[in-house]
Amino acid sequence: MTFLSTSAFSPLAFSLGLLLVVATAFPTPGPLGGDATSNRLPLTSADKMEELIKYILGKISALKKEMCDNYNKCEDSKEALAENNLNLPKLAEKDGCFQSGFNQETCLTRITTGLQEFQIYLKFLQDKYEGDEENAKSVYTSTNVLLQMLKRKGKNQDEVTIPVPTVEVGLQAKLQSQEEWLRHTTIHLTLRRLEDFLQFSLRAVRIM
């Protein structure tokens, strides 16, 4: 089976792809009847992010169900051992994203950094997933769109941590060398952790 990689496309084509995802996934809301040009409420930045997060969560849910049905990758306690070897992002109290102690700029910085850290795992998901390739690609691409939206919203982008290239190369090699069971386990853990991360992010976006 041949898999498509975003590295095969030019930056322009990739950017157009990201815009296409937003345009097709989130049509401009209009009234149910009458003049479509009147009474239209434009989406705010927070509204767009909320809808995009919900969209990604829906795709994650579909992929998790497919993995459970096809590969028996459901909620498995054995995966805890594999998870210890992964550096998947998660939100904590100190990140300022919870209702108690909420800090918008600190939270935005942490969510942006976390999504940046997820990218290598989501690229692996897109390249290696053996089920619904479109859903896998959509999770990777849509998360990139969300990342760009958050970068535009935040004021402290200098504080966003970008993964060290040499570390990413080493991690990529480690992921690529995995055998089938561990590869499926890594993908499932990535989906679970991203789902948790986005659910907390969604709550934070709603109070921004």
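Backbone N, Cα and C atoms are what each Cβ position is placed from, and that goes for glycine too.
Keep in mind the model is a prediction, meaning the values are calculated, not measured.
For reference, Swiss-Prot has these:
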DISULFID  C68-C74  disulfide bond
DISULFID  C97-C107  disulfide bond
MOD_RES   S77  phosphoserine
SIGNAL    1-27  signal peptide
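Shown on the structure are the features that Swiss-Prot records.
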| residue | record | DSSP class |
| --- | --- | --- |
| C68 | disulfide bond | helix |
| C74 | disulfide bond | coil |
| C97 | disulfide bond | coil |
| C107 | disulfide bond | helix |
Applying a 10 Å Cβ distance cut-off over all chains shown, what neighbour count does C74 (disulfide bond) have?
12
Which one of these disulfide-bonded residues has the most other Cβ atoms within 10 Å of its own Cβ: C68, C97, C107?
C97
Could you round the CA separation between C68 (disulfide bond) and C97 (disulfide bond) to a whole angstrom and send it over?
31
